[in-house]
Ligand code: G6P
């Protein structure tokens, strides 16, 4: 999704802005641009549809230099990804803006501004805002006041960076609905939509809150809150290092992140388990009193995080004896609900900035019908974390590949901690807890063994690369694993992939099965195994090519039309985590063969901060 970087410094900022844009590339975008105020106080701008490299080439030909600037990666919403629609947008050579989010009343504002003589060269909502600011500056007005007035007229979500040719030392930043941070340097300040953009220049950050607007100079930051009051926001030190987001020797971030899973799973569990128990203080000092009252779980999330929630539902009901509902946030937020007493509202999110998940949380908080809110999240400074009552951090580290991998498996580990912490207050016995904790201790090493399947899976991927469709089957908690496997494949290889609970096969998808439709089944050695076997025979009988990922102890055998992939034996409860990994590798290798942009698949964004 769109990315913002900005800087006011004593040195030339163009390199800093360009590096910032590179570091935001992972969010997904389709054009990029930069505007800098030069020594003559003229706003100079370069924009390019496509990758940041194209902008870089344009800058090599016509460099921009100056000590105040803003830059942007745009993910098209209003208008196509063209040079003209790329940010920054400029009003009458005087004001320049970069914007994340969507302005809902832009059409009405545009007509009004046109009537006042403003012309537009793009199809974007953003150009409306910059003209509005220019209009509100009038003759000789101040930029900060003009931005502040303009914000009162906007409906929708935004994060902005604004500069003006008449004020060469000032950068204005504002946020409502989209994240924005201020990076604090020595005699210089920066803004960005994500701390990772600024890690090469600072590790000190101020996180703007909803409705904040900031006047930023080299030496000072003055923040006004939504009510116009001057407020102090704390400066926080980020734990992320500038190199955490590097690819190292891996060909793609996604592969690196798949291989990081043993380590980040160990980190997610570290300090949270004794030999046979989940430590009670894991969820913070206030959690115990809340957990004692929990009678039901409502999970809300999007995309891959939603799949983690679907798996957890099986765990909550079968291991903890707690009723659990799961719903995608984009549906949940717009639906009236019946909330049972004692319902814990759980959001799951890698980024903590997904617009629908955040909106669902805010809706729930405003209704105050739930017992409490809990976020499982990977970004400590995110809005979701800051706005939830209780938090459990996954410790996956920065995830750059758009297709989520290590964030997902660490979410599962974190969810299992929650299942245990609540389960022991309900149906879970100490023996079950000890068995699960033993399994969790062994998990990182087990995932290491699964990664050794990489070369075999690479061979298997050849059978998929020329196909257009595929089916993924699973049962019980392995059904959402099949869904996640299908999602990975479609996201990065663009092969149509659908997941079904294996028992539903004969109620429709079987009609699609032929030699051109590979069918993947995840089949651990659990009680549903025999039933799954008969489902699979239905596929074989129709000439379908089956790929069965099964427990190494299984009695399945390779046969014509059936390729067996042995997966290390694992406790049923942890099978969902283990079986996810070979499916990640499968998607990766198929995408490699197809030559797609693995880390930045077309049309997708890492963090969907607009609706
Ligand atoms: C986007 C990403 C997915 C992610 C989903 C939810 O669609 O491409 O990988 O699963 O958003 O994101 P979140 O940050 O809330 O987990």
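Just so it is clear, glycine is given a Cβ too, placed from its N, Cα and C backbone atoms.
Bear in mind that TrEMBL entries carry predicted annotations, made automatically and left uncurated.
Keep in mind it's a predicted model, so treat the numbers as computed, not measured.
Per TrEMBL, the feature active site, nucleophile maps to 2. What TrEMBL lists as active site, for Fru-6P isomerization activity is 606. For 2-219, the entry in TrEMBL reads domain 'Glutamine amidotransferase type-2'. The domain 'SIS' annotation in TrEMBL covers 287-428, 460-601.
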Measuring Cα to Cα, how far is residue 2 (active site, nucleophile) from the residue listed as 'active site, for Fru-6P isomerization activity' in Å?
10
Please work out which residue of 2, 606 has the most C-beta neighbours within 10 angstroms of its C-beta, and give that one of the active-site residues.
2
Residue counts (helix, strand, coil, in that order) that DSSP gives for the domain 'SIS' (287-428):
63 helix, 28 strand, 51 coil
Mean per-residue pLDDT computed across the domain 'SIS' (287-428):
95
If you run the three-state DSSP split on residue 2 (active site, nucleophile), which class comes out?
coil
